[in-house]
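Features as listed in TrEMBL:
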{"type": "ACT_SITE", "residues": "LYS117", "note": "active site, N6-AMP-lysine intermediate"}
{"type": "BINDING", "residues": "ASP35, GLN36, GLU37, PHE38, ASP39, SER84, LEU85, GLU115, ARG138, GLU176, LYS291, LYS315", "note": "NAD(+) binding site"}
{"type": "BINDING", "residues": "CYS409, CYS412, CYS427, CYS433", "note": "Zn(2+) binding site"}
{"type": "DOMAIN", "residues": "595-672", "note": "domain 'BRCT'"}
{"type": "REGION", "residues": "674-697", "note": "region 'Disordered'"}
Amino acid sequence: MPETSAVQQRILALTERLHHLNHQYYQLDVSEVPDQEFDQLLAELTQLEAEHPGLALANSPTRRVGGTITKQFPTAVHRYPMLSLGNTYSEDDLREFDERVQRGLEGAPYSYVCELKIDGVAMSLRYEHGELTQGVTRGDGTQGDVVTANVRTIRTVPLALRAAPDQPQEFEVRGEVFLPLPVFAELNAEREQNGEALLANPRNAASGTLKLQNSAQVAARKLRFFAYSLLTPARHFSSHSAALEALAQYGLPVSDTWRRAATISEVLDFVHYWAKKRYDLPVATDGIVIKVDDLRQQDQLGYTAKSPRWAIAYKYPAEAARTRLNEVIYNVGRTGAVTPVALLTPVPLAGTVVKRATLHNANQIELLDLRLGDLVYVEKGGEIIPKITGVDLSARPATAVPIRYPTECPACGTALVRPEGEAHFRCPNERGCPPQLKARLEHYVSRKALNIDGLGAETVGRFSDLGLVATPADIYDLPARRAELVTLERLGEKSIDNLLAGIEASKQVPFPRVLFGLGIRYVGETVAQKLAAHYRTVDALMAASAEEMAAVPEVGTVIAEAAAHWFRQPENLLLIERLRQAGVALTVTGEAPVPASDRLAGLTFVLSGVFEQHSRDELQQLITSNGGKITGSISKKLSYLVAGDNMGPAKREKALTFKVPIISETELMNMLPDTAPVPEAENGTPPPASGQQIPLF
């Protein structure tokens, strides 16, 4: 026992010492001991753990070397959705963003935090009791791949945090995994010597590295990590800048380039400074992220369906190259939109070789006066998607040929139409155009729709080409055609069993995702959820008029007319009936929400300012669940203005002019039943706590 105790103490001492040296070297660029001494300490710890495996600690530095091989990555649902961020390339847009913030905060003082946007892979790290427990990629923003074993090999990700006062027991850190430019250059030089294909750019290299099955290979790639956000179940800090400072205090790597900005002018100064200076950094950057600093003000500004209103990303102008336009081909999408694609003489651009570029639509071709054989300027929009931005008219050859936009669908020969007010020509042959049929099937089985296991885009496309499926309903006939499936190449018995099991499981997918999967024009995820929550059954939805649908929040006239038109088509009614017979969920399960009371029936409310006891979303749901209505403007018909801290003076003056009663949050709560609970959000998850940050990328 005494010997075991001594070994245990030595393992603990070595672990703590090596964690400290790692932090000093990889995060502070301080080398306290020679490399040889570090290697000796690590070798001693490795030997002790091998001799006494039961005494090895979960956060041991020896675990960074990798070696774990997995067959696949499990997925995990993000506790806090990883939303995208609104972006712009215009300084005028930044000023407009500032004006929106000013209006949203109703004249209250505010400030920003400016951060360099590192061009890497978004990552979510979970820490519990000071130790790293999980690493998850962004994925689709709702769920991502669990890559904890690979994340543990990243030297700048601490396996154990430094203790700090008031450190949360559990929290999540959002940040960027990236490959430093010198490491990327070395990696490509080595691959070139070995005759291997070169990696396209540092971001793709980082993404591909995280997907490697052997974590020893991941460790060899020398990935790095920078943290940019800290999330806790309840508000733990008053500002984003305080959270960044806490992250650094805990031992997490935070870029020292971030700055506070009191005005939009100071934001623009920061943008201008890094426009050229960023090229001196050993990491690829593609812009600046600007966030309102105060977390309560972030809560007040809120979110759109896709991004926060309190943040924006400024993207620097893209790199450009000049090359020859050789040909234009035309792709047909799910909704029949015909999109021209330019085929180019290959040219290096922003770390990749560009062979194609989008031309968007006929208007773009006409605007640029493009001709086959022209020398054109190509940029990468956001340094990702190549696009043609201009023509070198001085170099136009005499043999250049004007581009003639097709009048017939390149896939099925149907005459193209151009709906009034739209830029795209469309193929109206919805039921017979092969690319449209295939794209709708791919959409139906996609991850955010039915997500049928074993039936991805490639497989369903193949089935479409073979004539096995033409509509989503045909998918549910496949179990009866198993004998045909067995005869197909590259489709074994086990794959078929998995496919058929996935089809059966898809019948349990909730109605909102089925509605989204139908591919009705303009009906995205959010609108599908709103329509399903309002009508609850597909029959009620089919019976609704466009005018009735337009009254549903976040739907509107254009979407409503498109949905009503879709449900009037006989072939779509037949599709719905076949899906019903197959057992697909076409109703919202569970009881319809019952109002908590009618205590506020007939009353309308405006909320203004920041509230202490509840978030604005919670107050809105409390009001509506008790019979009241929410509006955004003050008029003579308004019943109450609910005032929080820092309420805008304009709304107060208008309320006084119209003699609208101004009440506090406490007075509002006194109007409700004593047992009124905070209702759940429509999707069944609790609304965010006041001040809770929702991550950006």
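Placed from the backbone N, Cα and C atoms, the Cβ positions cover glycine too.
Curation does not apply to TrEMBL; its annotations are automatic.
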An 8 Å radius from the center of the CYS409, CYS412, CYS427, CYS433 Cβ atoms defines the neighbourhood of the Zn(2+) site; name the other residues of that chain inside it, in order. VAL332, GLY336, PRO410, ALA411, GLY413, THR414, PRO428, ASN429, GLY432, PRO434, PRO435, GLN436
Cβ neighbours within the same chain of CYS412 (Zn(2+) binding site) - under 8 Å, at least six residues apart: CYS427, ASN429, GLY432, CYS433, PRO434
Using the alpha carbons only, what distance in Å do you get between the residue listed as 'active site, N6-AMP-lysine intermediate' and ARG138 (NAD(+) binding site) once rounded? 16
List the Cα distance (Å, whole number) between LYS291 (NAD(+) binding site) and CYS409 (Zn(2+) binding site). 46
List every residue in the same chain as CYS409 (Zn(2+) binding site), at least 6 positions away in sequence, whose Cβ is under 8 Å from its Cβ. VAL332, VAL338, ALA415, LEU416, CYS427, ASN429, CYS433
The domain 'BRCT' (595-672), counted residue by residue under DSSP: helix, strand, coil: 25 helix, 16 strand, 37 coil
Given the recorded positions LYS117, ARG138, which one's Cβ is surrounded by the fewest other Cβ atoms within 10 Å? ARG138
Neighbouring CB atoms within 10 angstroms of the CB of LYS291 (NAD(+) binding site), all protein chains considered, total 25
How would DSSP class LYS291 (NAD(+) binding site) in three states? strand
When you tally the Cβ atoms that lie within 10 Å of each candidate's Cβ, which of the binding-site residues (LEU85, CYS427, CYS433) has the highest tally? CYS427
